[in-house]
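Per Swiss-Prot, the features are as follows:
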ACT_SITE  ASP335  active site, proton acceptor
ACT_SITE  ARG337  active site, nucleophile
BINDING   ARG32, GLU33, ASP37, ARG145, PRO146, GLY147, HIS148, THR149, GLU169  D-ribulose 5-phosphate binding site
BINDING   GLU33, HIS148  Mg(2+) 2 binding site
BINDING   GLU33  Mg(2+) 1 binding site
BINDING   CYS262, CYS273, CYS275  Zn(2+) binding site
REGION    1-206  region 'DHBP synthase'
SITE      HIS131  site 'Essential for DHBP synthase activity'
SITE      GLU169  site 'Essential for DHBP synthase activity'
Amino acid sequence: MVTCEAGIASVQQAIKDIADGNFVIVIDRESRENEGDLILAGEKVSAEKMAFLLSHTTGIVCASVTREQARVLDLPAMVQENQCAFKTAFTVSVDASSGITTGVSAADRTRTVQLLSDPTSISQSFVRPGHVFPLVSQPGGVVKRPGHTEASMDLMRLAGMYPCGIFAELVNADHSMMRQQQILDFAEQHGFTVITVDDLITYRWTFDSLVEHVSSARIPTKYGEFFIHVYKSIIDGTEHFALVKGDIREQESVPVRVHSECLTGDVLGSCRCDCGAQLDMAMRYIAEQGLGVIVYLRGQEGRGIGFGHKIQAYALQDLGYDTVEANLQLSFPIDAREYGVAAQILKDLRLTSVRLITHNPKKFFELQRLGIHILDRIVLPVIVSSENERYLRTKKDRMGHWLNFPVLNESEDEYETVERTSCC
């Protein structure tokens, strides 16, 4: 098993390699393209390195650029309607307007990349179309969009390079796509550092400051007085908050609940899920302890698919799909939530260690991976109703949640860790 520390060390080596003018390999997520790209700083390119890139990849040489670079260099989108599954932001392709022949040779493409990496280049420095494919990186990098374009741009920034990286997809001798073991063998043969997009995401959540504190105030609730601290994501502008009970600074073993926004459950009292009940019980528990934190993550409706799509999933569930099948039917991941914002908020609150209130193993292990020191897990009762029993069982059986309740035909008095409700 590759540890978080090993992943961070690999990213640190990759950053050094980029600064030194060496290739690195970035492997994509299995749920996306599931391939590896050779990446090099545009300003470090040479005809020899370009020839190596062309010899071991598809030969489609991409160059990451910022939105501002695309504007200044007059690089419009390749098409008006982007139908690519991953919304890869191709601009028109380019060649250097001088100093080349046909534009396709290693030397010619090197010249084009050198101009893309030159801050003095202007629109007239290029002709269109050409043999190098600029891709516009999303602001926020891999935290915003976990693609090779953003990975390339993040590596350039972290290495102190001009914001233009070149990359192409690795292929085997028969031009089939390299997969993980083939990529690792190739990297070992040539001495290249390999990282994953997720390694880079973890690195950025660990070392970059990606949330900012906005405001704080006292807030009286039915469970007593809390303090609310509002944070804003600098990636997408979403505002999240932490409800804090007691003086938690530098405290050990602080009860913490990381709660994803669920308007239907938290506000409307929907019985399709147990979200509202979990939030209510967490507030009550923390109030009784006199110490604790609830981090409330907004923008995570429907396990990260959005409010409108969650309601679509509800309609599919009424047709017989379970909560996992409904997401997949809508072409969404089973669980698209990420917890980097929560980790940064908890670090800003200066907790030393926490006891996490959760049944969700993904949340538990991801927060650990992001540097949160979790001592143990607090188990609160599961609220079961006729409306949410199948939902809860699906979370247990298909998503691996740590829920402990008996089969449907057992009598109610046999439930030990479950509370039943007549709701709905």
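Using the three backbone atoms N, Cα and C, a Cβ is placed for every residue, glycine included.
Of all Cβ atoms in the protein chains displayed, 21 besides its own lie within 10 Å of the Cβ of PRO146 (D-ribulose 5-phosphate binding site). Rounded to the nearest whole angstrom, the C-alpha distance between HIS148 (D-ribulose 5-phosphate binding site) and HIS131 (site 'Essential for DHBP synthase activity') is 19. The DSSP secondary structure for ASP37 (D-ribulose 5-phosphate binding site) is strand. With a 10 A radius on its CB, CYS275 (Zn(2+) binding site) counts 19 other CB atoms from all the protein chains. All protein chains included, GLU169 (D-ribulose 5-phosphate binding site) registers 19 other Cβ atoms within 10 Å of its own Cβ.
Comparing C-alpha positions, GLU169 (D-ribulose 5-phosphate binding site) sits nearest to HIS131 among the recorded positions HIS131, CYS273, CYS275, ASP335, ARG337. Each residue contributes its Cα atom, and for CYS262 (Zn(2+) binding site) and HIS131 (site 'Essential for DHBP synthase activity') those atoms are 47 Å apart. HIS131 (site 'Essential for DHBP synthase activity') carries a strand DSSP state (E or B). In the structure as shown, the Cβ atom of ARG337 (active site, nucleophile) sits within 10 Å of 20 other Cβ atoms.
Summarising the environment of HIS131 (site 'Essential for DHBP synthase activity'), the number of other Cβ atoms within 10 Å of its Cβ, over all protein chains shown, is 19.
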